[in-house]
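Enquirer: Copied straight from Swiss-Prot:
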type     : residues                   : note
ACT_SITE : Cys186                     : active site, nucleophile
ACT_SITE : His491                     : active site, proton acceptor
BINDING  : Cys56, Cys59, Cys77, His80 : Zn(2+) 1 binding site
BINDING  : Cys69, Cys72, His84, His91 : Zn(2+) 2 binding site
DOMAIN   : 177-531                    : domain 'USP'
ZN_FING  : 36-130                     : zinc finger
Amino acid sequence: MSARISFLKNPDPCNHLSDYKLRYGTDGYKSFNNLFRCFNDARIKIKLQGIDIPRCSYCSVYQKRLYICLICRSISCSSHILLHTQLNKGHDIAIDVERSELYCCACIDQVYDSEFDEVVVSKQLFGLGMSVKSGADVVAVRSNKKRRLDSQLIIGSNFLVSPRDRREKWTFPLGLRGLNNLGSTCFMNAVLQALVHAPPLRNFWLSGQHNRDLCPRRTMGLLCLPCDLDVIFSAMFSGDRTPYSPAHLLYSWWQHSTNLATYEQQDSHEFFISLLDRIHENEGKSKCLYQDNEECQCITHKAFSGLLRSDVTCTTCGSTSTTYDPFIDISLTLDSMNGFSPADCRKNRYSGGPSVNAIMPTLSGCLDFFTRSEKLGPDQKLNCQSCGEKRESSKQMSIRRLPLLLCLHVKRFEHSLTRKTSRKIDSYLQYPFRLNMSPYLSSSIIGKRFGNRIFAFDGEGEYDSSSSSSPSAEFEIFAVVTHKGMLESGHYVTYLRLKGLWYRCDDAWINEVEEEVVRGCECYMLFYAQETVIQKAHKELSYQVISMADAFPFADC
């Protein structure tokens, strides 16, 4: 989709928010200043005087998501928020009590306003005992050649993490920076944090291989997602510690994915796939990965592209037909019937119930299930060239070539078309921080099929099942995207592993966590990098805080 845009313009607010600001300006925001409370984790929540547990004024429920009207301060749950605005004309804008985010009752959607964020972040800094700048300095927009950042809140402040980590924040690895939630955009922030710290992508953008100042699309005023990502990478590695608002990238992605252009909660995995597709298209490459025996050279496929092998074997004559398909991620089935939910784990821990480790799903089990031999049903008979007719057959997947970066997607969301129902699988999944993918390679799978005999494999030499693992099959984890909560109203958080330590990236909030916290989360997307890539990144990327005058460091991959 070709479009000319202003690159320094945030997405427009909805009409209801615009009408509210015409009538009340920002006075309504400021009137809530005495209700905002800064808690120990640096989050801002609304605390009503004399009310310990807020409840919906219509049904008295307190366990659902609650919203407080900006005009009358009436509290409504998610089931009655629309009713409130229907009964009270003009009462369209409310605040999420738990997350202190703006919500439009008429649009049934979260909305973003930088002036509201200014009030909230000012309260955060005040609660953390830090100085707050005023006037134009508070939301000044920088136009530095290296960083064209917008919506910067409280520039020059020291806010990044909770009070527990404040004294140590400057020892955090370079690139750790919070991302503001622009209205149910945690799905985007979670993926961006993982991609920003992926060594090949970090190397690509910080070394100027896609320079927004030289991009022909950008100079013509056209949309270019790689240019927007260039801005993101420059901002994240600038040394600035204030939370950053990726509004330009969100707007640009909306233009490319018009069906997803909404402030409603989206799926992180869908965003990941969509973003990589848009990067591929914007770099002007062919959509076909393999054409005339040449692989696509865009950064998306250089980093994430692997090759799957599919063997379909006739159960009558034993002949095998082989096909190859490229992939940029692998989706794994999570067997919820044999797994523990978070509540089960807590219950069994104290009641002496069955061992959690005994029946908890594991990543190796999911990969075994993915590469198992599967008998196709009678309605899936395929034409066997040897038999000359349709025969029943079996199918087995394996990995012919591994990518530099391996993304494993855990299928937690189930949608039934026949029953018209959807549900989320909350089972825990055990996964290693170091992963050996050798057992799932085509060489290993075929070796087992033929009794681990030595044989010629694809004309590329002899395969010996006893040979040691290839270094390229050893992977180390560097990011985990998690999903917590219900299907429609959950929340995405990313855990990053940098220099052997783990950091929790929850929108604008970043803090260091213990390894056990990461192992106990509900993983949704697992990002691994080849061990050699991680080792080279550790050697060549400096984690010292740099000023804007310094050159950006980068790591070869």
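Keep in mind that glycine also has a Cβ here, set from the backbone N, Cα and C atoms.
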Enquirer: For a quick check of packing: other C-beta atoms within 10 Å of the C-beta of the residue listed as 'active site, nucleophile', how many?
Expert: 23
Enquirer: Report, in whole Å, the straight Cα-to-Cα distance of His491 (active site, proton acceptor) from His80 (Zn(2+) 1 binding site).
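Expert: That comes out at 21 Å between the alpha carbons.
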Enquirer: Quick one: pull the CA-CA distance for His84 (Zn(2+) 2 binding site) versus His491 (active site, proton acceptor), whole Å only.
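Expert: It is 25 Å, counting Cα to Cα.
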Enquirer: Beyond Cys56, Cys59, Cys77, His80, what residues of that chain have CB atoms within 8 A of the centre of the Zn(2+) 1 site's CB atoms?
Expert: Arg55, Ser57, Tyr58, Ser60, Val61, Lys64, Leu66, Ser76, Ser78, Ser79, Ile81
Enquirer: Give the residue counts of the zinc finger (36-130) per reduced DSSP state, in the order helix, strand, coil.
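Expert: Tallying H, G and I as helix, E and B as strand, the rest coil: 21 helix, 22 strand, 52 coil.
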Enquirer: Taking DSSP as the reference, which of helix, strand or coil describes Cys186 (active site, nucleophile)?
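Expert: Going by the DSSP assignment, Cys186 (active site, nucleophile) falls within a helical segment, counted as helix.
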Enquirer: For His91 (Zn(2+) 2 binding site), which residues in the same chain are close in space, meaning a Cβ under 8 Å from its Cβ, but six or more apart along the sequence?
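Expert: The list for His91 (Zn(2+) 2 binding site) reads Cys69, Leu70, Ile71, Cys72, Ser74, His84, Thr85, Cys105, given in order along the sequence.
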Enquirer: Report the same-chain neighbours of Cys59 (Zn(2+) 1 binding site): residues 6+ apart in sequence with Cβ closer than 8 Å to its Cβ, ordered by sequence.
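Expert: When sequence neighbours closer than 6 are ignored, Cys59 (Zn(2+) 1 binding site) has Cys77, Ser79, His80 within Cβ distance under 8 Å.
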